[in-house]
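Annotation source TrEMBL lists domain 'Josephin' at 5-182. The annotation active site is assigned in TrEMBL to Cys18, His130, Asp145.
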Amino acid sequence: MSREEPGVYHERQRLQFCLLHSLNNLFQRKDAFTRESLDLIADRLVLDDPDKQRWTPLSLLFKPHHNALTGNYDVNVLIAALEGEGKRVAWHDHRGGAAGIGLEDPDGKLMGLVLNVPVRRYAGLWRSRHWVAVRKVEGVWYNLDSDLDGPFAFQRLEEVREFLDHVMANGGEVLLVLNDDH
């Protein structure tokens, strides 16, 4: 059963641009980030790297922080993009489980979560990772996975925790996106 909310912004998956979609879903607006803006961030990361990779003919396609054709951006692009918007990213320590994440967030520090989950496609022949945004909108937590047809509203806070525990138990990473102005 799908529990969608029509007023919640949600972008659907296209190619391997799940980081782009998860950021726009997290910020709840179209074009909060664009392919061009993420490409610029990825290119800047290469220029800023003191141990720049050596150029090969494949470097035009397979760049250090993303694939030039399909997207597939890495965590460095995520962190730089969020920091550019005044956010801070903190990795969640799995040992405490989802109970260690302050989802109640009475002081408004937690903007949302970005998950990096393992995925298998094409009968398990293709293994990759996928970025997913989880955010509270108007007091309700949503799974804003771009692979879903629409936003999925969690009914209870415990349901969010169970989902996050499941993600972590299956090799997923949880990153907290924090408002830096608090």
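Numbering starts at 1 and runs along the chain as it is shown here.
Each Cβ is built from the backbone N, Cα and C atoms, and glycine gets one as well.
Between the CA atoms of Cys18 (active site) and His130 (active site) there is a gap of 6 Å. For the pair Asp145 (active site) and His130 (active site), the Cα-Cα distance reads 9 Å. Around the Cβ of Cys18 (active site), a 10 Å sphere holds 27 further Cβ atoms from the protein chains shown.
Confidence for the domain 'Josephin' (5-182), expressed as mean pLDDT, is 82. Other C-beta atoms found within 10 angstroms of the C-beta of Asp145 (active site) number 24, with every protein chain shown included. Remark: His130 (active site) has Cys18, Asn116, Val117, Pro118, Val119, Asp145, Asp147 as non-local neighbours, by Cβ distance under 8 Å and separation of at least 6 in sequence.
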